[in-house]
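Asks: Dumping what TrEMBL says about this protein:
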| type | residues | note |
| --- | --- | --- |
| BINDING | B:211, B:236-237, B:250-254, B:267-274, B:288 | FAD binding site |
| DOMAIN | B:5-195 | domain 'Electron transfer flavoprotein alpha/beta-subunit N-terminal' |
């Protein structure tokens with residue numbers, strides 16, 4: 001089975017966000033594999049271990065993303081591909097990223113493509129479905145269970161807390177929801193092996209992509225931080241009085257109930 | 001100038017979802033006096049068209065087909081794109097719901113278009129339609145415009161106020177016949193697990209529990225409080241990881257981002273990753289035994305105490321308020 005994972009390097013969830021010169025300040029921040037993509041990597045490894053084949057992890061980004069790709073290789077992926085757009089593209093949106101990935105995948109004959117259902121930085125969830133559409137294959141988003149039997153796929157999809165049981169056939173793209181699996185930590189031998197696994201670096205030229213063909217359709221014109229929330233009122237006195245005061249404040253002062 | 005804007009209406013359990021009215025309000029702004037066209041897709045949905053018009057749609061296009069009885073990206077995209085081809089709109093608005101998130105990228109891809117997802121505000125500035133959206137789960141915000149092609153956005157539930165309902169409004173309701181073929185993903189079964197009625201992302205009141213609830217049973221008093229307030233129950237990652245509740249309830253940077261009028265955090269310490277998912281709520285109440293807990297730094301009102309004592313008292317007090325109201 002020919003399995004591809006779409007991976008993004010993101011800020012660590014415990015990072016505070018600051019802005020410098022009108023954009024998000026990345027200096028000194030810790031970066032991780034987007035948590036939803038971690039589920040995708042884990043699922044791909046499990047499918048390969050059960051059905052055979054190969055797992056290739058693909059990312060679009062800059063040189064720095066090599067670290068996250070090596071982590072995925074250490075978890076057990078077989079190959080990694082970094083499509084480095086650092087020198088070619090100043091602005092990237094989901095249209096851009098999806099076009100580049102689809103261009104890379106179009107002659108790879110993937111059986112299964114797994115992505116995270118959303119990245120925790122930009123939070124759009126567009127790239128997976130867009131790639132599937134460009135490849136002409138079906139997709140199922142936010143899955144919490146995946147079973148493959150030959151060409152046949154059974155999936156459980158999370159729909160705002162309800163579950164849809166869906167059937168489809170390969171080739172297929174799915175996006176991972178929390179609960180799909182428990183991603184493994186890279187083992188020490190895994191980390192040693194990962195150093196020797198193939199990591200291919202490509203640029204747009206290698207994919208015969210013209211920058212104009214993938215030019216972003218949207219533009220960010222301003223980035224700002226929300227007003228800082230001030231600590232409010234800690235109530236005091238007998239518990240029963242506190243509760244009465246709270247209900248009264250919510251009703252009369254905040255007017256939310 | 002005036003733009004023609006298509007709005008995909010969303011139906012759940014035979015009713016229009018609130019986010020559809022909010023999407024109409026957003027579309028009204030985008031249209032700048034042009035036309036707002038509601039789009040209804042389903043097996044038997046024509047009876048809902050009037051509701052869209054009462055909330056501001058100028059007219060409604062209905063596509064009815066038995067292949068649209070359940071949502072599928074293949075079926076709904078074929079139907080919606082048929083409407084796009086017929087109407088040739090300048091803009092499209094969806095709700096940023098499970099359905100909207102799944103369908104909008106495919107429609108955008110088919111139109112070779114950009115897409116601005118999860119919008120919480122829209123304004124017109126000169127020639128530009130400017131959309132505001134959270135990034136890093138609300139740790140920051142960005143303003144975005146579409147630079148090329150059709151304007152396409154999804155709006156987050158609960159953020160854009162719907163227009164006032166006006167039952168005297170009327171408008172044309174037309175039907176478009178669409179042949180739907182090649183559904184490649186088939187829904188075999190839908191298992192209802194979500195709490196009855198109120199959807200977490202659309203709830204006006206959210207009562208959330210953390211590790212402090214100690215067990216699955218510990219969520220019971222929270223559910224009772226949520227029921228009295230017509231709200232929904234949520235949870236922190238800590239509570240989900242500990243197995244007290246389903247991951248579908250998780251609020252945070254991984255999980256759902258919620259912006260209710262009232263957020264009651266019970267036994268939640270307030271890790272940065274959780275705060276990202278709820279700190280844009282209108283009013284935050286924190287209940288925690290630890291007076292040093294981080295959650296108190298973002299709370300408007302705080303009670304230092306055991307949630308198992310505080311929450312039931314709070315439920316009783318709200319009941320009294322409802323009776324007297």
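For all residues, glycine too, the Cβ spot is worked out from N, Cα and C.
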Asks: When a 10 Å sphere is centred on the Cβ of residue B:274 (FAD binding site), how many other Cβ atoms does it contain?
Replies: 31
Asks: Measure from each Cβ of the binding-site residues B:211, B:268, B:274 to the Cβ atoms of chain A, and list in sequence order the residues where some distance is under 8 Å, or 'none'.
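Replies: From B:211, B:268, B:274, none lies near chain A.
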Asks: Sort out for me which one of B:268, B:271 has the most neighbouring CB atoms within 10 A, since those are the binding-site residues we care about.
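Replies: Output for this query is B:268.
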Asks: Enter the number of other CB atoms within 10 angstroms of the CB of residue B:253 (FAD binding site).
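Replies: A 10 Å sphere around the Cβ of residue B:253 (FAD binding site) contains 28 other Cβ atoms.
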Asks: Neighbour count, 10 Å Cβ-Cβ cut-off, for residue B:250 (FAD binding site): what number do you get?
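Replies: So the Cβ neighbour count for residue B:250 (FAD binding site) comes to 25.
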Asks: Give the number of CB atoms, excluding that of residue B:211 (FAD binding site) itself, located within 10 Å of its CB.
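Replies: Excluding its own Cβ, the number within 10 Å is 17.
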Asks: Over the span of the domain 'Electron transfer flavoprotein alpha/beta-subunit N-terminal' (B:5-195), how high is the average pLDDT in this prediction?
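Replies: Averaged over the domain 'Electron transfer flavoprotein alpha/beta-subunit N-terminal' (B:5-195), the predicted model reaches a pLDDT of 96.
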Asks: Check the DSSP secondary structure of residue B:250 (FAD binding site), expressed as helix, strand or coil.
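Replies: Where residue B:250 (FAD binding site) sits, the three-state DSSP reduction gives strand.
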Asks: Per DSSP, residue B:271 (FAD binding site) is which: helix, strand or coil?
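Replies: In three-state terms, residue B:271 (FAD binding site) counts as coil.
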